[in-house]
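Shown next, in structure tokens, is the structure this report addresses.
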């Protein structure tokens, strides 16, 4: 029986791959179903012999309580965007200045959700969303229901891979046909449908919706020399990879590829929103490194957005948390990039003046980056004596006089007690990338502020369940959940708190770099501008902004209050002393280790202050070589790099 179960699992997984990944089934649906039912019966009779990669694991049936947070071992960076050929040429010049012979890999930018898959001994252990790049959500059970994600690799590997989970156009249409028939609201586009599906608590629905993936990266250190090699290796492991790609050192040829794909994209069975261009050499990628936000060795070209004409009916002016007043046009509704658009940003007063935008104008509307609706220009041929738009002189929230600083494009309200600014700051503090207080969204902030229960972020930690129960629509269960979420946020690592304070120019990545360096929010608040500016990836603008913020008396009082409520000020990630034994050294692991795993060796090196990379280059300081080290050892010897063995590492 065990042999038959093994045979059925192997056959069914192969047939599923042919159907879902290769679009080339070799058996009929009825034949597949017959074999599947046979396996189900055998597994009922012999549960002790169920294999971890059995296709029956994909059927669903679980109802999850929620999704736990997941700390990514390897951060998921954003990509720098490009919207023109000129920006790609500038990227090429930056790369070629360091590596004149660099070649690029151009790949399709799939319009889906980024996911990370971690395998231990070849078995899928964790599937997670991107989140903020450092912390995502554990959606393993849902990703197990995606038919082209292997549950078990043929090799006993420890590996973390990255890819895009998407909904094919055919599956999207089928879902919306069913929703229409049931009188339910349809999904606006395949990306929204994929996102909604991956956040389902009922895994049976996930299994039914036929999501798919394309893998594009090994996040864990790779022995491969090029991105092309990585993609071939991923495919050999059983992952789906996209075959629409091009390798070339010529940006002109890359541009021709982009033009061809853009022309043909509508015929693809899935949505794409651009082309990702990466330096093909892994060694060159390592040397080019990263900025605070993105790799220096990659860029994402975004296709020009779809454009539609609409009439401006009116304009709303709103105040953000930094006091910037933003105009938003109310439009006659139009369908744009799969969604109904009735509002679009006008950016700022200088933009309105430059484009001569007036109420009643017919304007061209597009989605910037396929996300944010914006007004591109006025269709002057359709203008009929519209009056020049009145620019507000007073803040729409507090009535204070607005200012237009020299050199800035935005109007600002500089009243620190402006109600809208306070509410926006409070909502930002509680947001996912900041203190991540579940249930503490803008609508709750509005209710609490209007009830005079909160006026600054410290007030959040004064709230009781009884306070929350005084608000309309808040019952005991939700009040208790919100209260516990507030208490739980006190234990966040301090970079979340720093970002939540909303300091100008200090984003989430900069917050993490700052706390990695200083370890404690108090120490950061007392640091000199020079010491902050010297941190790689930051600089003078951020240093000055922090210095200006922390020297305010009210900020010092706020920090004292947060301390009194036991809000954590310490960085909880790994910090390495600058006088650690290998501090500042770049180290490469190669060959087979006998007494420790590669991950154990990597962790030990990092704890000793080393930066562990996957490729040998002139920037490598040290190589730790096991048996069968191969070409990396040879290259290290040619470059005169110090070479140590496993015993040396064990004795450190």
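Cβ atoms here come from the backbone N, Cα and C positions, even for glycine.
Source: prediction; values computed, not measured.
Here is what Swiss-Prot says about this protein:
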type	residues	note
ACT_SITE	109	active site, N6-AMP-lysine intermediate
BINDING	29, 30, 31, 32, 33, 78, 79, 107, 130, 164, 278, 302	NAD(+) binding site
BINDING	395, 398, 413, 418	Zn(2+) binding site
DOMAIN	577-652	domain 'BRCT'
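Structure coloured by features recorded in Swiss-Prot.
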{"residue": "31", "record": "NAD(+) binding site", "Cβ contacts under 8 Å, 6 or more apart": "none"}
{"residue": "79", "record": "NAD(+) binding site", "Cβ contacts under 8 Å, 6 or more apart": "276, 294, 295, 298, 299, 300"}
{"residue": "109", "record": "active site, N6-AMP-lysine intermediate", "Cβ contacts under 8 Å, 6 or more apart": "272, 273, 274, 275, 276, 300, 301, 302"}
{"residue": "130", "record": "NAD(+) binding site", "Cβ contacts under 8 Å, 6 or more apart": "76, 113, 114, 115, 116, 136"}
{"residue": "278", "record": "NAD(+) binding site", "Cβ contacts under 8 Å, 6 or more apart": "104, 105, 107, 227, 285, 297, 298"}
{"residue": "395", "record": "Zn(2+) binding site", "Cβ contacts under 8 Å, 6 or more apart": "319, 325, 401, 402, 413, 415, 418, 420"}
{"residue": "398", "record": "Zn(2+) binding site", "Cβ contacts under 8 Å, 6 or more apart": "413, 415, 417, 418, 419, 420"}
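Cβ crowding, taken as the number of other Cβ atoms within 10 Å, peaks at 413 among the binding-site residues 413, 418.
The Cβ centroid of 395, 398, 413, 418 marks the Zn(2+) site; residues of that chain outside this set whose Cβ lies within 8 Å of it are 319, 323, 396, 397, 399, 400, 402, 415, 419, 420, 421, given in sequence order. For the domain 'BRCT' (577-652), DSSP puts the residue distribution at 24 helix, 17 strand, 35 coil. Confidence over the domain 'BRCT' (577-652), given as mean pLDDT on the 0 to 100 scale, stands at 81.
Annotation note: residue 278 (NAD(+) binding site) sits in a strand segment as assigned by DSSP.
In the three-state DSSP reading, residue 109 (active site, N6-AMP-lysine intermediate) counts as strand. Reduced to three states, the DSSP call for residue 31 (NAD(+) binding site) is helix.
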